[in-house]
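Below is one structure, written out as structure tokens, with a few remarks after it.
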Amino acid sequence: MPEPAETIDGWYCLHDLRSIDWTSWKRLPQDERQQILDEFVSMVEEWIDNEQKEEGSYALYSIVGQKADLMFMLLRPTMEELEQIEKAYNQSRLAEYTIPAYSYISVVELGKYMFRGEGDPLEDPSIRERVFPILPKWEHICFYPMDKKREGEDNWYMMPAKDRGQLMYGHGMVGRKYAGYVKQVITGSVGFDDWEWGVTLFAHDVLQFKKLIYEMRFDEASARFAEFGPFYVGNVLEKDKIAGYFQV
Ligand code: VOV
């Protein structure tokens, strides 16, 4: 008998990645570039304001490599709000100088594997903190989508819940070694996007991503079952550093 995993779901999540059209950007006069950036910074200020009111959260990072230049990660109580943010950006002047590179839609998810409580988990403050998280603004981000395999003996979805729970326990034990070094936000995307989960990791030291992900590759939950999409890695882009980043 299949035993579907139960999840606790929180804020909806948009990962929005853009590449900068530097050629067109460089052609703009300095004062126009400044106006465009002022408009963008006010948008970021709205995200900060929303976060301070605990009505959502945001992360702004510059991405290294050719897959993208900027990543906005936005959390909101509804999908409609995510659409509004996306639209506001698309209608902003900066969007004329950036090209959509990738996007990912999901919802912050906690598996019930480790949840032992009774009643509504959303009334538990420690659970609320995890499904309605204020995203860290640590120096580095690593984002990738992933699936769990459905092939022959390695079919995650045909495994008894107890066995999946054991594997997730082992997975959690590996992850716990990185407490304080890597913070993970797992978002579920079945029905929302092309992969089953989004994995977003934050670290002060970028090397910790490689160490954690490599160690997890040897753990059964990943070694047997995990399949990965594209990886994006980047550096935090604080509001006050935006002008410097766009300087040409
Ligand atoms: C910082 C490290 C870290 C820690 C502590 C951690 C812990 C935990 C726990 C305790 C649990 C289970 C309960 C829940 O919370 O859902 C999970 C769940 C999950 N994880 Fe995880 N994970 C980490 C990190 C971490 C990484 C690096 C990855 C990517 C895998 C890899 O190989 O690249 C990952 C994936 C996931 C996924 C896709 C799920 C959901 C699977 C499902 O079937 O539901 N995760 N995770």
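Yeah, the Cβs are placed from backbone N, Cα and C, and that goes for glycine too.
The feature Fe-coproporphyrin III binding site is assigned by TrEMBL to R130, Y144, P145, M146, D147, K148, H171, Q184, S222. Under the three-state DSSP scheme, H171 (Fe-coproporphyrin III binding site) falls in the helix class. For H171 (Fe-coproporphyrin III binding site), the Cβ neighbour count at a 10 Å cut-off comes to 18, with all displayed protein chains included.
According to its DSSP assignment, Y144 (active site) is in a strand. Look at TrEMBL and you will find Y144 tagged as active site.
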| query | Record lists R130, Y144, P145, M146, D147, K148, H171, Q184, S222 as binding Fe-coproporphyrin III; longest Cα-Cα distance in Å? | reply | 22
| field | Cβ contacts of P145 (Fe-coproporphyrin III binding site) (under 8 Å, same chain, 6 or more positions away) | value | Y104, S189, D193, D194, W195, E196, W197, G198, V199, F228, G229, P230
| Going along the chain, which residues six or more apart from Y144 (active site) have their CB under 8 A from its CB? | G198, V199, F228, G229, P230, F231, Y232
| query | Same-chain residues six or more away whose CB lies under 8 A from the CB of D147 (Fe-coproporphyrin III binding site)? | reply | W195, E196, W197, A226, E227
| query | List, in sequence order, the same-chain residues at least six positions removed whose CB sits under 8 Å from that of S222 (Fe-coproporphyrin III binding site)? | reply | H171, M216
